């Protein structure tokens with residue numbers, strides 16, 4: 001099934017052929033593209049409930065003011081004529097407007113006389129066109145819509161590449177969804193590492209918005225583990241080592257994943273790849289709203305108590321991921337409700353491992369599952385241990401394409417020497433952490449009964 005049969009048509013189809021048209025590109029990405037006076041591009045407005053999208057011309061007017069130097073001009077359309085602020089000066093298409101003002105070197109706004117169209121900023125290599133994407137099979141439902149298998153025709157190499165595609169639901173595409181998807185894509189564009197999911201690009205010229213990524217033939221790690229329960233200890237250890245490589249690389253780029261779990265890793269061609277960066281934020285610290293739905297079973301104590309994430313919060317979750325790997329993709333804290341998990345972790349309970357290398361288990365309990373973040377190992381410490389102690393460890397792959405921000409082995413200590421910026425995820429309301437009647441999504445579970453809290457006294 002060709003994806004082009006499902007896309008929403010734009011009102012000015014000539015725009016799709018123009019390399020300066022960027023579609024649903026949000027403002028944050030525009031700031032990265034418009035750098036010099038007269039740089040411009042055309043995009044569509046971000047969606048607002050009940051309103052049609054319109055076209056916007058974004059121009060860098062004053063580079064000294066950085067993002068505040070960019071002006072955004074909303075285009076109106078009346079009786080088939082597009083115009084900026086004067087309905088008597090209309091044009092049959094947006095392309096005609098651009099051609100007129102760029103050719104005549106005429107300001108497009110009387111109110112802002114320095115608004116000249118000098119240099120069109122062309123689409124980047126990661127901005128894909130829907131016509132080059134074909135969906136072949138629906139794989140499931142994601143947070144924003146369908147996740148599908150498909151093919152992407154690389155216009156540069158003419159090669160047809162198998163890909164995984166996340167696409168936003170047509171009827172539920174919101175401003176926040178676009179922002180989150182584009183933020184995830186922006187982070188993924190930084191990655192060049194064999195244990196990180198590779199991004200081919202984003203199709204944002206029209207709906208549906210699509211994130212096009214490399215395809216891993218075995219899919220999500222948790223599902224693979226559940227279907228292949230006879231994996232050897234060596235195979236599982238290679239998995240946890242590779243996951244450590246990916247997370248260490250990510251932390252070196254000053255990023256906190258915030259959702260480390262087997263379900264958010266992919267597996268294919270004997271490689272683990274860290275995936276799902278929708279919750280990823282820049283470090284060294286991030287504070288979320290306490291009313292957000294969170295995966296309680298994977299959270300570190302500081303996140304359970306205060307909604308705060310550090311790099312080392314990922315280290316705690318990495319220990320939970322290791323437990324999942326060695327227990328064939330089982331849910332952590334089996335037999336416990338999330339309310340029980342929440343209380344037990346705060347009181348010092350730590351899970352036991354049934355069948356895993358004793359040295360790795362000891363490392364996780366002693367250095368990953370430490371209550372206080374500042375006493376916990378960082379991922380570089382974990383990687384060094386795994387390489388030195390495990391007979392199944394592989395050489396650490398080279399990290400390409402990015403300058404690692406932190407040069408010492410502990411990015412947290414280097415960053416936290418100074419007062420860190422706290423990134424606040426709309427923390428305007430605070431709600432209690434889940435009760436025993438809550439399910440794993442933080443929502444009320446009908447008919448559930450409170451279970452007696454299970455705490456292994458020996459593990460405290």
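Each Cβ is built from the backbone N, Cα and C atoms, and glycine gets one as well.
Given the structure is predicted, the values throughout are model-derived calculations rather than measurements.
Residue 166 (ATP binding site) is surrounded by 24 other CB atoms, counting those within 10 A of its CB over all protein chains shown. The DSSP secondary structure for residue 166 (ATP binding site) is strand. According to TrEMBL, the feature ATP binding site maps to 166.
As annotated by TrEMBL, compositional bias 'Polar residues' applies to 408-432.
Averaged over the domain 'SH2' (20-121), the predicted model has a pLDDT of 91. The annotation domain 'SH2' is assigned in TrEMBL to 20-121.
Positions annotated as domain 'Protein kinase' by TrEMBL: 133-386.
Look at TrEMBL and you will find 408-460 tagged as region 'Disordered'.
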